[in-house]
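Below you'll find the structure, written out as structure tokens, and then a few comments.
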Amino acid sequence: MTNLAAAACRRAPIFLVAAFALLPLAEPAQAQKSGGSITVGQELDIPGFDPLKVGVYDTSTFTAAAAIFDTLVTLDDKGEAAPKLAESWTHSDDYKTWTFKLRKGVTFHDGTPFNAQAFKENFDRQKDPANKCRCAFYITNVKEVLAPDEYTVVYNLTDPSVNLPATITIQSQNNVVHSPTAWKTKGDDYNRNPVGTGPYILKSWTAGDRMVLEKNPNYWDKGRPYLDRIVLKPLPDAQSRFASLQSGEVDIIWDDENDADNIMKAQKDPKLTVHTYKGSGAQVYAFNTKVAPFDDVRVRQALVMAIDRPKMSQAISNGLSRPASNPYGDGSWVKCKDDGALPYDVEKAKALLKDYGKPVEFKMLVTATPRGRMIGQVLQQFWKRAGAAMEIDQVDQATIPSRAFSRQFQLTPWRIVDLADPDPQMYANFRTGSPLALAGFSDPELDRLLDHARVTADVGQRTEDYCAISRLINKEAIWFWTFQNTYYALSSAKLKGFPKIYNSVIDVSNTWLE
Amino acid sequence: MLNFIVRRLLAILPVLLAVSLLTFLIASLLPGDLAMVILGDQATPENVAALRHDMGLDQPLWWRYLSWLGHVLQGDLGRSFRTGQTVLQAVSERIPVSLELMLMAEFVGLLIGVPIAIACAARAGGAFDRFMTGSAFAMLSMPSFLVAILLIYLFAVELHWLPATGYVPFTEEPLANLRFFVLPALTLALAEWPGIMRVLRSDMIATLQEDYIALAKAKGLKPSRILFVHALKPSSLTLVTVTGINIGRLLGGTLIVESIFALPGIGRLLVGAIYTRDLVILQGVVLLVACGFVIVNFIVDMLYAVLDPRIRHGHA
């Protein structure tokens, strides 16, 4: 679709009716209403926006960043890359060079013009070793960004990336575009006085209490945004956050499966809407195949086959957790007819362990949180039934990465976060020699598939590759997946236009009140 | 008297030093550090090590403590690596909220506790006394997070009388500000009044046994006059101490209550600093809070000395 057509569709929803006509219960096209104000109940206090200071954004910062800033590219309703500050893009044959043509006539909230130079300055500031940006780690694959003319930006990558535009859509510390004038003039204070090109302008911010965002009257996307004002409030306690939604003090809140009771209450409440999205990642676990007993494939397979995911879901989240049989998740474009998942089969698991001959005893790292402990205990029971003894090794969440990187574990929990493309994480997690290849497993066929998938453009061919990768990993059982990443937001039923929760970001910048 | 004040003030210094050292040690025992929080869970060990080096987290513990102490003695409490705010900025933004919460809680606690204590003492052992002593025990055993949620469901979700969470500064909208503070202050007060009530009740019962009360009764004074004028003041010495110490307990209570009711006070600042391992903020805030606590106790001591001359002459 051309950009003009895309813009037309956004403004005239009637064009979309044809697409929805196939759905039996298609909602009637809704007219966006302008005006009004909403309050968002967030989980955390926002530490700030300067990537040099805060390092990585958290869930609460994402929501604010999505309103204050723009990214070059966004994801459309189908999860495909769509224009935002960049209007179009092309790539070199080896997918190592990407050229973006920028939108003209866009200005930052402080009047600074947005152009290729401004974008390059943002990137260089993160990349400059002298700045020691904690965010630099996430752009190691980008060698440099060039600005050959005022409205052209060129990415030069160290490794090929066939899906680069989609992977830079998350409103993260690396992707949102700041006004260079603002950070240069405000110095240390810039962190709490962010300036972007986004649909909302920061009006006031009281630490720990509220951030008030006002509509940007000069937003480049004419007609948007709809709301006059967005107020972001940190409500750290899950129970009182939900109570505030019920009593109408806030219009939308962040939530997760740990809060299953309230999510189910909201599902029954006609005044509330439950927004949910299954992302493109999963909760995963890695065996250390370099140490006994996990150096034997039979033990690994037995443990995976002993896990009853639906029962586990009931135990930990009242059945809200969605089982995963591969690392990609429903939100990913990778859909496998056969992902090679091992079936749940306790008898087979027992037989495999018997065949192994020696007693199976091991320790599993478990995060020292109520949920972490519960997951550990459930797995412990499954494995006991199959004849294996697991000892829970409780550690703080923050120490898991260091234990994992130094390979001081037998079995560790891990996470595959939502990215628009599987390549960055699959390559890091499974390619021989990667520091993140926690299982310590090396297989030439797996390496070949990973190398092939990252330089192939054809989606069908890539899907084949990634499904073959899934089959191989499932068969060798070097990692296993329990549940898909699922995201929740609960809102008043009057709040409309809330998009899919891509990349775990609660983005309210295009919503309106009915 | 001056000698007494100087002696008491000198005794405060070792307390503050001990508090800061203990906070530092305990915080260092926490697994993980700010470098990991800032870098996120996908960072490599090399990145974390480099950032720890930049922030001085790789220095030996004693050296970090001494250098922190050196800065504090020069009046520099430090600046958060994460938010860029100085400790003083962060605390001065939030202290009014916590002060208001504590004062209101103490006020409501006294408002509930004192009349009940007097009524109980007036008929010690009676039905009302026994009922109230029992209720006080029950209230003491209720954790504040439970009380808070129950109050929110009753007054905010069901009755819609009061807001569940939120805050506006008193200077902007005084009435709305007070409305936001009712439930949090009540939550804290419900845990405060039993202590107040029990202390005052037992002291009053003892006072009411004194000969001069019997004399007052014999002279035919009204029972209410005896209770409120002759018995209350001499019985309230312990209450003054308890109220002072309660400020410290209330500070602990604000950690939970401010989180539940989303009040932007010191308690929330501390909880956030602990979660993000922001040691600069944590150390600075704990030191300032300890200072506040010690000063309140100092004032209570002074008040005591004023109320009872035996104490300031050192042979109490």
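Cβ atoms here come from the backbone N, Cα and C positions, even for glycine.
What TrEMBL records for this protein:
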DOMAIN    B:95-304  domain 'ABC transmembrane type-1'
TRANSMEM  B:9-30  transmembrane segment
TRANSMEM  B:101-124  transmembrane segment
TRANSMEM  B:136-156  transmembrane segment
TRANSMEM  B:176-196  transmembrane segment
TRANSMEM  B:255-275  transmembrane segment
TRANSMEM  B:281-307  transmembrane segment
Counting Cβ pairs under 8 Å that are 6 or more apart in sequence, does the total for the transmembrane segment (B:9-30) and the transmembrane segment (B:176-196) reach three or more? no
Hey, which bits of the same chain come close to the transmembrane segment (B:101-124), Cβ under 8 Å, at least six residues off its ends? 132-133, 181, 184-190, 192-201, 204-205, 208, 223, 227-228, 231-232, 243, 246-247, 250-251, 253-254, 257-258, 263, 265
In the same chain, who gets a Cβ under 8 Å from the transmembrane segment (B:255-275) while lying at least 6 residues past its ends? 27, 30, 90-91, 93-95, 97-98, 101, 144-145, 148-149, 152, 164-167, 180-181, 183-184, 187-188, 281-282, 285-286, 289
Contact set, same chain, for the transmembrane segment (B:136-156): CB under 8 Å, 6 or more residues outside the stretch: 162-165, 183-184, 186-188, 190-191, 193-195, 197-198, 253, 256-257, 260-261
